[in-house]
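Peer 1: These came from TrEMBL, pasted as-is:
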type	residues	note
TRANSMEM	12-31	transmembrane segment
TRANSMEM	38-56	transmembrane segment
TRANSMEM	62-92	transmembrane segment
TRANSMEM	104-125	transmembrane segment
TRANSMEM	137-160	transmembrane segment
TRANSMEM	180-198	transmembrane segment
TRANSMEM	204-223	transmembrane segment
DOMAIN	418-563	domain 'GGDEF'
């Protein structure tokens, strides 16, 4: 929430309640709280507010239905005060902290307006409270009070979410229906409490409290079981989805999306474990705050998992702050789960929330199950990436192979508005190196040539091993003249420093040799109208430039297809 909104909400709340407290003082409402009867109802409201029932992703607080009984017995003033105290108690129980203090004035105003509107509707139709109340005479009024309370409360909640928190998607009808069903049970209970209170006094409040706790216990147990069954069904679907991921990025994006369905979190970190040290592999955070650079090597809380090899969890900042301030200070609840492979911790998944006690026990169980699935999925993705790399890379030099290069070349040339240039180079007298120093030394030369090529060209250039001692480079958005200059740089880089090889065939003495290359350059830019500009044609042009313009001219040269073709045309004219 913005600071401006926060300021206006607190200001409005202070004005309203300053006037309201002044009015209550005039009618001496506060003196009623000396009464043991009023205090017993207040205690019951606080208890029911602080022990909400979690049902289908909603915390159900029942104290507002007790407000009906308090209103009938003690009137509007006492009901408003006890409801406001119940609101604060419910907020504290839900994990109120400094960053969410704005919830106090918002909820306080919602229930104040709800209580006032409901009381107004009650009195307008002739309702009376206290000893003057009669179910026969005022039953219609109390029913109107309950319905008004119900609908106004939901209307205000919808309005606040829509215009203050800008939450667009709200199922208002479903929420109203759920509360109406609960109200059909709790309204008669509240009315029974009124009758019992008039008959047996404070004992009625005690009995109601006992009934509440027993009902709450069984409903919580049922809700936990139902929630766990729903979670397990969802988790099964997660497993299928994770195993279909092709890359680690895709996999972790799906994990984050799925975790949104199970729990409220603000930051997520995936660490790799190597030699009992952490390295950050993936991170997702909600918000724009800067992430500490120290997280690159793990946070102190996540490091606990490496030693314990089990889940570590903290419900509030004080429990983990002493370990070190690696994580942002606004975080409260943290859970770190080991990702194991063959009984060894290979990674750590850390999830954090800005709320205290944000994760329920069954949610922790679900996170553990997802972590186990994630561990398997990460292993599968790693193996898939390894296989993909092997299929697209030369195992000797680490460069792309011709298969991958051809794929990229086709994709590049399909872009009609983009030119591309090709450099094809062939090492001169490479067979002589193999015959003199052995094939192992020849392999070392190929590896060094590959390293020099990669170090010479800019980012975005695809460097591949064409086959044998031939290499090819694809330069997107590069003219033939620019590609020619790159060819000259490559020629210079190969010549400026000698190559060192071991004389495997005769001795193990290191020898110093010079390596040169014949280089051909071709570009789709120079294609004439009657010429094709497809991949095969471009490769043939570069090969022709390399062979006719460099090899046959004495090697260690750079030639373009355009210059070779021009020279051949001149020769034809002379003949």
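Each position is counted from 1, following the chain as shown.
Just so it is clear, glycine is given a Cβ too, placed from its N, Cα and C backbone atoms.
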Peer 1: Which residue counts does DSSP give the domain 'GGDEF' (418-563) for helix, strand and coil?
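Peer 2: In the domain 'GGDEF' (418-563), the DSSP-based counts are 66 helix, 39 strand, 41 coil.
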Peer 1: Among 12-31, 137-160, 180-198, which stretch has the most Cβ pairs under 8 Å to the transmembrane segment (62-92)?
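Peer 2: Per the Cβ count, the answer is 180-198.
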Peer 1: Below 8 angstroms Cβ to Cβ, which residues of this chain, lying six or more residues outside the transmembrane segment (12-31), approach it?
Peer 2: 77-78, 80-81, 104-105, 108-109, 112
